[in-house]
Every structure is written in C-alpha cells, then in structure tokens.
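Remarks on the structure that follows.
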Amino acid sequence: LQTMSGNEDDWLALKPQEPSPSQCCGSGCKPCIYDVYEKELAQWERAKAKQDKSLLMEKKEQSNNSELNPDTFTAFSISSVEQLTEDTYQYKFELPGNSSLRLSLGQHIVLRGMVNGLEVQRAYTPISPGTAEGYFEVLMKCYEAGLMSQYIKTWKKGDVVFWRGPFGGFPYQPNKHGELLMLASGTGLAPMLPILQSITDDEEDETFVTLVGCFRTFDKIYLKPVLQDLARYWNIRIFYVLSQETSLEKLPWSYQENTYIGRLNEDLMKTIINSCRRRPFVLICGSSAFNEDMSRYLKAVGIEEDSWFVF
C-alpha cells in the first residue's frame with residue numbers, strides 16, 4: 001500500500017495546475033490559457049489511467065526556436081529598453097536570423113510573468129511592423145500596483161522573457177474602407193501603428209485615416225516623432241485630445257491647431273466625424289471604460305455597431 005500512496009503523490013505533483021483568474025488576459029485568445037489547461041489535464045488523466053509518465057513528456061515544452069506559437073510560450077531575449085515617459089517603456093526583442101513575427105495587423109501576443117511565485121499573463125500588441133526582420137517592439141505602461149508591471153520593471157537588456165501568440169487582430173484590407181477613424185487612448189495607440197504603417201507603405205492603398213490620440217498631457221504623448229512622420233502623408237490626419245492640459249498656448253505651435261483640451265466627449269466626436277472625408281469605419285483601443293464610452297458616443301452620433309471594431 002505504501003508504494004501505491006507514494007505513487008499517488010508523484011502523480012499529484014505532475015497534475016497541471018488550474019490557472020488563476022490573474023493568468024487569463026481576458027482578450028479572447030484562441031487557445032485561452034484555460035483551453036491549454038483543459039488539454040494538459042486530459043493528457044494527465046490519460047497518462048495516470050495508463051500509469052505511464054512518458055505520456056506527459058511533451059506537456060512542459062517551451063520552445064526555444066523562437067517561433068511564436070499560440071499554444072506554448074517561446075523565449076525571446078530583450079535587446080533594448082527605452083523609457084518613453086515616466087511610466088511607459090518601449091522594449092525591443094530579438095528574433096533569430098532575419099526572421100519576422102509575421103503578425104497580421106493589430107494582432108496581440110501574450111506575455112507570461114512570474115511575480116512572488118504567482119504566474120500572470122497579459123496581452124500586448126507589438127508596435128513594430130509585422131514584417132520587421134530580426135526584432136519586434138512592444139510599448140508597455142507600468143502601473144504602480146500592477147502585478148505584471150512589477151515584473152516588467154525588473155527587465156534589463158539581455159533578459160529572456162516568454163511570449164505566445166498571435167491572437168485576435170483586425171482583418172484589415174487595403175481600400176476596403178474609405179476612411180478609418182482610429183480612437184486610441186494611451187497605449188491603445190499600439191494596434192493602430194502597424195495598420196498606419198501598412199497604409200503608408202502601400203502606394204496603392206488610398207484609405208484616409210483620422211487618428212485621435214487621447215492622453216493626459218502633452219508630455220504623455222508617446223512616439224511623437226513616429227506620429228509626426230505619419231501625419232505628413234496626404235491621407236493621414238492626427239488629432240490629440242489632452243484631458244489635463246489647461247491651455248493650447250503652452251503647446252508647440254505645430255500641435256496647436258490639431259489638439260483639443262478636455263475629454264473626447266459626444267460633441268467632439270460629432271465634430272470629428274463631420275470632418276471625416278468619407279463615412280468612417282472606426283477602430284477603438286483603450287481601457288474598457290474608454291471603449292464603452294466611445295461605443296456609446298458613436299451610437300449617439302448615428303454610427304452603426306457593425307461600423308466599428310474594438311481591440
């Protein structure tokens with residue numbers, strides 16, 4: 001009997017652990033971490049029934065060949081860390097040889113972090129073009145109390161971190177929509193950038209774009225040089241909405257005419273939509289509160305629900 005219970009303990013030690021809610025990023029990934037758990041649990045039950053541990057061998061795989069994969073986490077090393085604002089960083093990750101992540105537009109990837117022995121997972125959208133070779137870049141905001149933020153704040157060049165994906169994404173097709181209206185709050189800018197980049201890189205793509213970036217203050221606008229470059233294209237306009245600035249006079253003159261002070265509310269939404277050159281298809285990315293507000297304002301100004309997409 002003794003050997004039997006010892007064996008039981010062995011099997012229990014091998015049993016996959018059910019994910020805690022903090023590990024699910026809530027972005028509707030396929031497969032979700034819970035799907036992966038169900039699959040591993042079924043595999044464990046089969047192995048235990050047959051008393052054959054070799055059936056579990058494939059279970060713990062982490063791939064090191066740096067091929068991004070939705071089911072397992074892959075190791076990537078950090079090649080540079082750049083602080084953009086007091087709480088926002090841009091991280092660059094190495095890809096072997098000249099390989100690229102091959103993400104379709106606006107797709108996100110999921111990061112795994114360990115904090116005080118607790119595993120956390122969060123979704124981020126790379127801001128580098130999907131075709132970038134040898135690297136990818138991610139924009140990350142660190143929150144004072146955020147679990148993942150505590151982990152990210154410890155990163156240095158050369159550290160190795162684990163990602164899986166890709167997931168989601170907006171099925172963008174050149175010239176499908178006459179005009180895209182992008183409503184982005186803070187790091188919600190991330191999924192918009194690869195789409196903008198693909199439009200400006202494609203001579204044949206004549207889609208108009210109006211990007212509205214919502215930030216607290218002028219200093220908090222990320223990636224100003226990138227945005228300024230994009231705004232030079234004939235088909236791209238960029239507006240800023242700064243909720244905590246007090247007056248336009250303080251801003252550089254080049255920003256004054258396309259910046260609004262205050263919040264993006266229903267009236268401002270109406271003004272912006274009326275200024276669009278064609279009836280826009282709307283892309284929304286921000287906090288859940290921001291996404292809900294935007295959806296409400298769009299409805300109020302007569303944009304149908306099938307004419308917007310929330311990241």
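Even glycines carry a Cβ here, placed using N, Cα and C.
Listed in TrEMBL for this protein:
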type	residues	note
DOMAIN	71-173	domain 'FAD-binding FR-type'
BINDING	ARG122, TYR124, LEU139, LYS141, MET148, SER149	FAD binding site
Sparsest Cβ surroundings (other CB atoms within 10 Å) among the binding-site residues LEU139, MET148: MET148
For LYS141 (FAD binding site): intrachain residues, at least 6 apart, with Cβ closer than 8 Å: ASP87, THR88, SER149, GLY186, THR187
Lowest local Cβ density among ARG122, TYR124, SER149, which the record lists as binding-site residues, within 10 Å: SER149
Residue counts (helix, strand, coil, in that order) that DSSP gives for the domain 'FAD-binding FR-type' (71-173): 6 helix, 50 strand, 47 coil
Residues ARG122, TYR124, LEU139, LYS141, MET148, SER149 [recorded FAD binders]: greatest CA to CA distance in Å: 14
Non-site residues, in chain order, whose CB comes within 8 A of the mean position of the CB atoms of ARG122, TYR124, LEU139, LYS141, MET148, SER149 at FAD: LEU111, VAL138, MET140, CYS142, GLY146, ILE152, THR187
Predicted model, mean pLDDT over the domain 'FAD-binding FR-type' (71-173): 88
